[in-house]
Structure formats: structure tokens, C-alpha cells
Amino acid sequence: MSDYQAMQAQLVSEIAAAADLGALEALRVAALGKTGSVSALLKTLGGMTPDERQAKGPQIHALREAVTEAIAARKAALEAAALDAKLAAERLDMTLPAEAAPQGSVHPVSQVMDELAEIFADMGFAVATGPEIEDDWHNFTALNIPETHPARAMHDTFYFPDTDAEGRSMLLRTHTSPVQIRTMMREAPPIRIIAPGRVYRSDSDATHTPMFHQIEGLVIDRGIHLGHLKYTLETFLKAYFERDDIVLRLRPSYFPFTEPSAEVDVGYAQEKGRRIVGGDGDDAGHAWMELLGSGMVHPRVIANCGLDPDEWQGFAFGVGVDRLAMLKYGMDDLRAFFDGDLRWLAHYGFGALSVPTLSGGISA
Amino acid sequence: MKITLDWLRDHLDGTFTVDDVVATLNRIGHEVEGVENPAERFAGFRVAKVLTAEKHPQADKLQVLTVDAGDGGPPLTIVCGAPNARAGLVGVLGLPGAVVPANGMALKVAAVRGVESNGMMCSVRELELGDEHDGIIELPADAPVGTPFADYAGANDPVIDISITPNRQDCMGVRGLARDLAAAGLGTLKLLDVPVIEGAGAPATEIATHDPEGCPAFYGRTISGVTNGPAPDWMRRRLEAIGQRSISALVDISNYVMFDLGRPSHIYDRAKLTGALAARRAKDGETVTALNGKDYVLSDRMTVIADDAGVHDIAGIMGGEHSGCGEATTDILIEIAYFAPERIALTGQALGLTSDARSRFERGVDPAFLDDATAIVTGHILAICGGTPSAVTRAGTLPVEARTIAYDPALAETLGGIAIPAARQREILEALGFGVTEGAPWQVAVPSWRRDMDGPADVVEEVTRIHGFDAIPSTPLPRADGVARPTATPGQLLERRLRRAAAAAGYHEAVTWSFVSEREAAPFGGGAWSLANPISEDLKVMRPSLLPGLLSAAARNQNRGAESIRLFEIGRRYLADAEHPTLALLMAGDKRARSWQAGKAAPFDAFDAKAAALALLDAAGAPTDRLQVMEAVSEGAIWHPGQSATLRLGPKAVLAEFGALHPVLTRHFDVDGPVMAVQIFMDAIPAKRASGPARAAYAPPALQSVRRDFAFLAPETLAAADLVRAIRGADKAAIVDARLFDRFAGQGVPEGQVSLAVEVELQPQDKSFTDAELKVIADKVVAAAAKLGATLRG
């Protein structure tokens, strides 16, 4: 072993043993600094004979490179160890709670209205609106309910002392049907609309609130008949409840603004204290529940809106939105819908991103 | 309206069960609300005979009976305390398992003072047949032992409760329903038995109608020498079964005919009449005491039946107390009149008086059924009360006119959606009493009792409902080609975006009442619309703002212990001019709960409200970069005067209002702590101009932007936004943004001044700014600030 090799072994071993960056730097200066031992050897190269330089030069350069590499390697190792130590000191208890972003919600009534809009849009129904403070012509008279009609009394109407410019009594609409009138007077057929909104009846008990939500459907076209109404209601309810086994029972009934008129029952089963919509109401373990009112728009109503009832005919239906929400999502207390109880809203409400779509499903 | 199965059989021949009747009624449009069989109450009670009666060995007042229950088995031992219990008595035995109607007690085998008793002999009161309780029931000795008591008592007659739609007055009598059922194939309608009673001589009381508009026809007859005892059992039983109280034979007969045939009548005690009886308009202020014991003040828009002494009947609605029939009545006058439905409806509404007669007259009774009704009522009276009838006086003219509807039988398919053969249609119509003359179109003669028939659509309903709605095939609604088109209006899209943006930001959507109390509306300037007939004072005024509803909800939530309240609602404000779609948002309590990181809980402040308002407007697509912050507009002490503002697009277009609510207001609603709120006036947000889906052309600038900070000393009255806007406008080509990032007052800043620091972003275009250019821009910034009294800090 030459002297250089011995020296290299000595230096590399000292470098590898350097305890910290300070000690390593001292070793670097001692070896490679201006007055360092390796630097001193390099300086001797100038005084050598060419033969001597050819023999010793490579050995001295190899020594310097080995030392330089050893220092770099040791430095990297020491830095890594220092970082490890620093990170180890920064350890946190990751089971500590993180601050949660506040979670909001969409009210079930709004969600169901969005669901219905989505379903009916697919069938070509646009959404229409109208005022809640109505006049008695739009709410009653135009709908073939004259002043002395017993059906007026059945509506438990909220009245205002006011009259409009035409002397009509002002009231809170008792149903969404006046939107039918406003739509037919504003737009030329064919018409397909749904009209969701708040309606009011002077009625308050365990299952009735003085304000609730309804959705009205109206189709005016040529050649529309009861069979189309039946199909539309079946299709809508199957899509809404996301069940193919929805069975409807149309019962003849009476509404002044439709002729013929039908009340529509849907079959359901009682499971664990809840009504589960689906199945034939006449089957074992099943029964019928009244769900909505419907019929062919009365020719007088069509004429009242300035359309020719011999040319245009169609159907209309109305259904309670709160009721639909309760049946699908299982709430049992209508009054809670209007309380604003944060606990109830958090439980029964819907996430902002749960937008009902046809591709993603109506019950988002 | 209620009917009994047995009563129905009076009018309907055929073999059918109560279930058949219920199913058919539902199917043809008469909704059955319930079926009750009184026999069920008597289940387990039967006619039984006491064979022996001996004293109870352990009790003086008890007897031990052996009773033949008529079931062929050995006699039962029954312990009984009734003094009249004795061998040979036939009574009513309740067997173990039966439930005593009077007290709900279930009978069981039990030892009474050491003797096992196998049931109970019942008293009248225990079976709720009357009030007597002195002893057990004693039936006639020939009562068939072993017969279920319900059968023996004729109580085994199911009662069907039916909701009659307002168009079908003809079905407000058993016979009308029988006719509909027969048309639907359930049995055959029997002929109506109308007695022929000529009577002798003119009625002893003259009758007339002086109000042909309100009372077109008034038929009457007197009967002398009647005896007004109790009605016969069969009639009482039927009336009681449908919930009518039996009063006396005459009153019961009148009621019976009303429920049997849908025909109201009125019977006067002639002894209480003075002179002739006539239909006339009431005089304004005239009063009458009705049969319900209440006094009514009448007006000249009402029709009454009156004699020389005064009013005896609110025509078609309720008789007078004074001239009603009682036990002593011997001479009577029967009134069978036709009243105009509209008059009855208006009178009933005005008086707030409902009655079975009103509900029939206001829907329009059969105008061709006066003579027969008179004969039928008379027949019942003669059979039950005896007496001598007069001839019938027919005052006025019946409003009977022949009505026909031109009808094309193809309508069953084109409107009703089902092809029904013409012969079947004709069969249905004729069974319902219509006359059919075939031709093109058919002429369909409407029976006098079907006032509801108005046109061909009504004929379609008759045909299809009897044929069966179930048979109508479901027919797909034609749909437009291709993918469904969007249908939402801009207003609905705006509402949806706002709703989901608010929910995404952590707010819960509430739905609160549209009406509030006057007290709740008061701080908001009161409501423009107040209900004339509110359900309660709490729900009286249409809300002028959504905040009352949310504040009340916040108070309820605080009472339930909620510490952080984030609520919003989207709905209408009801102002004098119109209904305005509005979003209101409310935050109360903790913005952040206390935590290991941040320490104690942090409350909301007015800038949280500002942030929410801007975020929502941004989601709504409003041009938030152009909005100006200006003072609040709402009247009254709603907002904290120093911590609220509006966001406007110009002086009049107020898009939103936000800030801290006035503490007086929050106290008014019992909400604790500071409350922040936002109102977004949705109808003020400008609609986006329609353009295609493509965006304006854009390429990111090639050169990086440069940021320079400026700190100014400004008067503390200077609005920060004004300074920032001035700086932004100092060099419109170079300055792309300016943002205030520091505000400081106090040490080092002169009194009355504030230090404002603004970061300005400069965007070079083709080449980088030179130092000279940067200096020019900086000078412009300083000059713009100087115009507002702000000086660059050294």
C-alpha cells in the first residue's frame, strides 16, 4: 500500500466518522483547505519531474476525488439525519379534530320540486308560476266555480278585505289551478306545463297546515284524452318513486274545472309503520291511498281562457308536494316542514351537490 | 252521507253484499269513507233464557243462575246481581270474550265470591240501548233463545258512509245511489211506490209564493187529526243508524224522506200559524229563532216562509222553533217547495248556517219531484199518525224545462280515452234515467234530477265512469323528437343556483310561513296584505320580509340549544305592488366553535354577511365587480346603523342588503347575541344577455404581471372602496387590479387619519415596464389618491 492509499483510508474513515456538519467542515478544511494535507500534496506536483509527476499525479488526484466524494456523501447523510430529526420533532397527534366546513342543506320541498321539474322536463313540460295573492276570478270563477257553488265553501279560503282594480275579491290561492288559467290566457296551445308553489287553506290540524305546496300539471293540445292522463301520471309516479310496480286506481270524482274528473289512488303496503308506495292496492297486505286529483279540463274553463273547446282539449292534475316528499323520504310530521329546526333540516335535507338528474338518478 | 245496506235494499233488487256495494260505489265515483256494522258491537251477546235462579251461598244480593244460551250445550252458571233475575226470564247474555259496549270491559270466566260465572246477563244501559239500569233486559218470552242479539234487535245492518260530490244532489238520498248502482250492474232499481192520495177540500191554511225568484214553487197540503207520537221502530232504527236523532213521528217522517229520496220538506203545526202562509223576501232586520235555538237576523236578499205573525222558516235551510211540531200537534201543514239553489247558497253563507236541507237545496233538488214527494210524505203520515188530508195546493210554477245535450258517442274515445260500443253507451245512459235519441249527433235527454249535466263532456263522464275508469288504456303522451329540451325559465335557474350555492356555503334551507303576526311585521313597516279571516293572530299578515320567519326559527333553535345557526329561505315578499322573489340568509351564534387550534368560539361579524352576499350574487351571475357598496335602504330599525349596507348597480338597482341586524330587532324576536343577515332581491338581478355558449376570446398575457405596494394616510371618513376604485382608474391600461390589504389607525398615524395599504397589480403588454414607465404609473396612483385627500406615507 502506498502512502497515498494509507492517507486516503485514514481521511475517508475520519470523514465517515464526522459527528456533525461542523466536524465535517473541519475535516474538509484540514484536507482540502488552502493549507490542507491533500492541498499540500497537490502543490508538490509542480516541483516534480515529468516522470515523477506521471507516476504520482494520478494517485494524488485520485486521493483528492475520493476525499471530496466522501465529504459530499457524509454531508448528505448528516443532512438527511438532521431533517429526519427535525420531522420527528414536528410530529402531531393526527387524531386531533380538524375544523369542519359548515354543512348546509336543501329543504326536502325544494328538492322534490327539482325532482319533479326534471321528470316533467323529460316529458316536455315547462315550469310556470303565478301569484299567490290571487283574485277570485282566477282562483274560482274562471275555473267554473261560481260564487254560489258549494265547492267554494269546501276550499276554506283565506280572504283579504281588498279588491283589485276590477272589483274582484283578493284571496290567497287555494290551489295552483289559477296558473292554468294564466297560462292558457298568455300562451297559445299546445301547452305542457307544471306549476309548483305555495297554496293556502284555512285548515290546521295534525295533518293539515294553513300553507302547503302543490304542483299542477296542464296539457292542452288536440286529441288529448283520459288515457294520456293515465299514462302521464303512471310515468311520473314510477319515475318519482323509482319503482316499476306503481299501480294507480282512477276513481271518478268531481272537480268543477274538469270533466270527466278522477281522483287517483296509489297502491301501497304498510311496512314497519311506514307507507311504502308500490303494488296493487287490492293485493294482500296492500291498500289504496288517495294521492291526487285530475281530469280533462272542463270545456267552460278552456272557453273562459279564450280558447275554442271544440279545437283544444287536455288534462290537468294537482298533487301535494309535501305529501309526495313524506311518502318518498319517510317524514311523518307535516308541521315540521315549516319549523326551521336545524336538526330536522340536517336529517331530512339534501346536500347542495345532490342535484336530481336523469342520468344520475332522480333521488340524488 | 250515510246509508244502511237494508235501506238500500228497499230500492235495489238483487243479490249483493256490503263489500259489493262498497267496491261499486268507489268504482263509479261515490267515495266510501267508512263502513260500520253496529252488529260488531254486539258480538258475543245473544238471547238467552234463565232456567233456574238461586241465592248465592256467600252473598245476599247475588243470585246464581243457570242459563240456556241456546247453543245446545249444558246450561251455563252465571252470577247475577239484578233483582229482576228469575227463572223463565228471557234476556241478553254476554259470553266470555264479548266487550260490554257501555264500558269497554271484556267479559271473561271469573269466580264471583267463590262461584264461577261464565258470562253476564246485561242491562239496557250496559248495551247502550237506553239509560235503564234497575235490572237486566227482559225480552218477550217468545224471543228465540240462542239468536245473536244483533240479529234479534235488527242491528245487523251495515252503515256505509259515503262522500257525495257536490254535483250529485240526486245521490243525497238512498234512491239516487241505488239508481247509480243499478246502472253499474249491481241489482235492479225497484219502482218507486207513490201512493195516490186525493185529499178532500182546499188546505185549511192558504199558501202562496210572493218571491217567484227565490221560491218558484210552493206545494202544500194540510192534514187534520194526526197523532204525533214516536215514529215506528223501523224508521227510528234507520235514522239512528245514520246518525239522526229520532224526535217525533212527524219530524222523523220529514227527515226520513229527505234521506230516502233526497227531498227535504217542512211540517208546520197549524195551531201555531196565524192566517195564510207564504214564501216571501225577508225584511231587513227581521229575526227568527231557528230550530237549533239560535236567533238569526235576516235581510231582504233572503227568502222566508212567513204568516201574518212573522217568519216561520228560513226557506230551504232551517225551520222556526215556534211553529215546529210537538206531542200536542194535531193539525199540520206540509210544505214541499222548490227554492232557487243560488238563493239558498247565498243565504246559508250569509247566516253561516248549514243544514241537511240547505246542502240539498243549494245543490238543486229534482224540480219534477214535488207532487210525488207530497204524496209520499202524506202517505207516511197517514200510515203512522193517521188524520184526514186536504187536497194539494200548488202555488207558483215549477222550473222544469226539458234539456237535451247533443252528443257524439265517438267522444267516449276521443275525450274519455276508451272506445265503448254505442249500444253499451245507450244502455248506461238509459239506466241512469237519460233518454237517448240516436242520430248524428245523438240527442241525450237529461233527467230532471241531473242539474249537473252541462254538455257532452258530462255525458262522457257518465258513460266512462259506469263502464269503468279501470278499463281506460294508458296511452303514451306523444313526445317531441330528440333529447328533451330545457324548460326552466331564467327565474327558476336563478333560484336553483342561489339555493344550492347557499346550501354549499353551509346554510340550511328553511321554509317558513308566508304569513306572520302584526307584531312580527311591525319592525319591517307592517304588511301590505292582512287576512280578513286569519287562522290565528300569529298568521295574519303576508310577510313584508323573509327575516321575521328566519328570526323566529333562529329563536326556536336557540331555545333547543343550537349554538351556531346558519339558515336561509327563498320565497316571496308580499308588497303592495307585487310579490317579490327574495333570498334571506341569517347567521347567529358561533361562526366557529371553540377548538384546540383557534381557542374560544368566534362570532359572526358583518363582513361574514358581506362575503355571503357577494358569493351568492356571484353564483347568481350578477356582475359583482361592478357593484357599489351603499347605505342600507330598509325602513325602520332593522339594521345596525353602522354595520350594514346595500350592494347596488347604480343608485336604484339594489341587489342585496347585508350586515348586522339592529339589536332592538333581534330582541323583539328573542334571539340572543348579534345576528348577521343578507337579503338578495332576486328580481333586481339583471338577466344575462342571451348569447351562445362560446366565451370571449382569451389568451393569458405572455409577460408576468408586476405588483407594487402603496401606503397612504387618508382621512378616516374616506371609504376604502373609493380609494381603491380611484387607484384602479389611475391608469386603465396598466393597472389590472388593486386590493386593499392593510388598514391601521393609532400609534404613528395622526388623529383623524388612517393608514391604508393597497397592492396594485400592473400588467405589461408587449414588453416589460422600464423603471421610467413604472415611475410614471406610480405617480398617477399617488395623484389619484391625492384627489381624495390621501397622501403617500414616507
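Keep in mind that glycine also has a Cβ here, set from the backbone N, Cα and C atoms.
Now, the feature entries from TrEMBL:
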DOMAIN    B:39-150  domain 'TRNA-binding'
DOMAIN    B:400-474  domain 'B5'
BINDING   B:D452, B:D458, B:E461, B:E462  Mg(2+) binding site
DOMAIN    B:701-793  domain 'FDX-ACB'
Inset, instruction - May I ask you to report the DSSP-based helix, strand or coil state of B:D452 (Mg(2+) binding site)? - result: coil
Legend entry - Spatial neighbours, same chain, of B:E461 (Mg(2+) binding site) - Cβ under 8 Å, 6+ residues apart: B:G416
Legend entry - Candidate with sparsest Cβ neighbourhood (10 Å radius) among B:D452, B:E462, the listed binding-site residues: B:D452
Inset, instruction - Would you mind checking how many other C-beta atoms are within 10 angstroms of the C-beta on B:D458 (Mg(2+) binding site)? - result: 21
Inset, instruction - Pop the mean pLDDT for the domain 'TRNA-binding' (B:39-150) in here, whole number is fine. - result: 87
Inset, instruction - For the domain 'TRNA-binding' (B:39-150), give the DSSP counts of helix residues, strand residues and coil residues. - result: 6 helix, 41 strand, 65 coil
